[in-house]
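Per TrEMBL, domain 'CSC1/OSCA1-like N-terminal transmembrane' is recorded for 59-187. If you look up TrEMBL, you'll see 257-349 marked as domain 'CSC1/OSCA1-like cytosolic'. Among the features that TrEMBL reports, signal peptide is placed at 1-16. For 56-75, 125-146, 166-186, 357-381, 401-424, 445-472, 499-527, 548-581, 607-625, the entry in TrEMBL reads transmembrane segment.
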Amino acid sequence: MLRVLILIMASWGAQGCTDSESCPQVPPNNASKDFCYSARIRSTVLQGLPFGGVPTVLALDFMCFLGLLVVFSFLRKVAWDYGRLALVTDGFCSWLTAIFRIKDEEIREKCGEDAVHYLSFQRHIIGLLVVVGVLSVGIILPVNFSGNLLGDFGRTTIANLNADNALLWLHTTFAFLYLLLTVYSMRRHTSKMHYKEDDLVVETYPSLLFFHRHAYENCAVLEARICYNVARLMYLNSERYFLSIIARGRGGGGAFEEAVGYYTKLEAQLKDDYRKEREKVNRKPLGMAFVTFQNESITATILKDFNACKCQGCQCRQQPKSSQFSAKLHTHNWTVNYAPDPQNVYWEHLSVGGFSWWIRCLIINLVLFLLLFFLTTPAIIISTMDKFNVTKPVEYLNNPIVTQFFPTLLLWSFSALLPTIVYYSAFLEAHWTRSGENRTTMHKCYTFLIFMVLLLPSLGLSSLDVFFRWLFDKKFLADATMRFECVYLPDNGAFFVNYVIASAFIGNAMDLLRIPGLLMYMIRLCLARSVAERRNVKRHQAYEFQFGAAYAWMMCVFTVVMTYSITCPIIVPFGLMYMLLKHLADRYNMYYAYLPSKLDKKIHSGAVNQVVAAPILCLFWLLFFSTVRSGKMRTPSAGHSICWPLQMYIAQVLQDPSSEEVCSGSGEDDGQGSSQDEEIINVENGLNEDFQSGEDSLIDNEVRH
């Protein structure tokens, strides 16, 4: 069956040409090809196999996929402890059918509302790719075949058409249609997201309760809780909890009695430290309070009243409502926003704020930028390895199978390694909420992946350093045409098709295996000093699902697919295959492997904005094509260059529902509030002895989380 698939795809790429002489084509300029692929390792130029090496890569990746599934089924039987739920069935492949039996109601109950929104987002993307695939393969692909400039894989690309071909208008029309379809699909998705918010968080004074009662009529404050610096208290409580579990472990013999005495002594010491730290907590307020009102209407009124009074730090409207406490509390400096869910808050990070947080964030991101500025793509790493003859043995093999499979595997491997640095930088920034951390991770990883996987390789560049030197060089216009020609080389399109295939099969199979989690689990087991500690590791080894990283990876592949959906339409079916496998893998992992997460709406809205960027990049690719072919706006395809600013405006208006929310006071604050997370607000610190509402209960709540 696999050989039949390879033969069909190979013959499809060669149809209409019985031999090389009968194929009317314009051979690509060798100098241009060397120029475009100089940023990559030499084996990444797909040569030697029919149809750009796509059938070969598809066959190899599919066999690897089957092998990884067998490994996963084996690990699921022998090392199930590194998942969240216990093994519920004994069948070797029973997990495969369980994916299809899981319902959204069960996922909502076990994994939370955010998991349902995430999976709904994937289903809308799948539906969008089905429509785009039908249009691209059913209409655009035959149009590309109608040209006679190239042969083999090049016949499927837009480069096979003449510059004066009237059918190029069809490409522009469908690119604009894809933008509208994307906006419509995302609007349907966002209309189904509903979050109830009736709490406000403010950094304030103890007299906050009296202020709201006097300034706002019929304002019923149900609860107001002061926040304290509980970072060390939470650490001591966590250590005490795990030691108490270990000390109660069962066993026998002298060694066991000695271990129990050791852990009991440590637990007693931690209890004493915990008691002393708890006494100090009440003297370390953060000047921040969570206020709960009786209904959402008064919450929206207060939120709108405070947030409507400032315009980028300039006073442009009247002061908020005042009371006899306003002057003392400096209410004109307040910024108010909806409170995040308690499970969404990193309570230990609330003490990190202000100028110190800005310095911390600046240093982390500066180091990150300098590192990735010169090591942006895997190509520059491989080229550095070539200087030491590391990759020479691969070239000496001179095996076309290796030269087709090795490049895409290298790209996927390094594209998985480099974003890890970006991913962990968000943890070091000490965000106040999990949603803020995931949102930062998503935007940073997505931006980096787009440069690393799509933009720089398409233009034949190896790093941001080279990109900016080319962009601001005096010879930019002279080199621009040659750079843009790189985008439309047939080998370039085949390279990205192979990348999507590798992501679909190998990437999703590795997501199922969760190799990093398994390695961390094994390391923690090896470092455990007793049977009780190993038992504790097995009980507490699951992690929360990282929505930010998942969104970034998924949107990177989707952007690659949509960007080349017109210029190389054969990529769309493989993109659809990636999304289907990704959806099934994530359903399984969320239900069986990861802990539930409690985030907010902004992380999902941010992913929606990234989706809209994909068809806009597709329009830019057509603009580059028209520039390369004519040098001026003379071809039919160039007409879209006039319309793309209007298209971007339409996408923004149709996509962004925030204007309605701001007017209604529903509370998505897009520019004000803390830099760390827009859910928390800042005012001067203060504490009054006459107001201690909810202090002890809040401390207990923070410690438990």
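The backbone N, Cα and C atoms fix where each Cβ goes, glycine too.
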Recorded stretches the transmembrane segment (166-186) and the transmembrane segment (56-75) touching, at least 3 CB pairs under 8 Å = no
Paired segments the transmembrane segment (548-581) and the transmembrane segment (125-146) in contact, 3+ CB pairs under 8 A = yes
Task = Could you put numbers on the helix, strand and coil content of the domain 'CSC1/OSCA1-like N-terminal transmembrane' (59-187), residue by residue per DSSP?
result = 100 helix, 0 strand, 29 coil
Ask   = In the predicted model, what is the mean pLDDT computed over the domain 'CSC1/OSCA1-like cytosolic' (257-349)?
value = 72
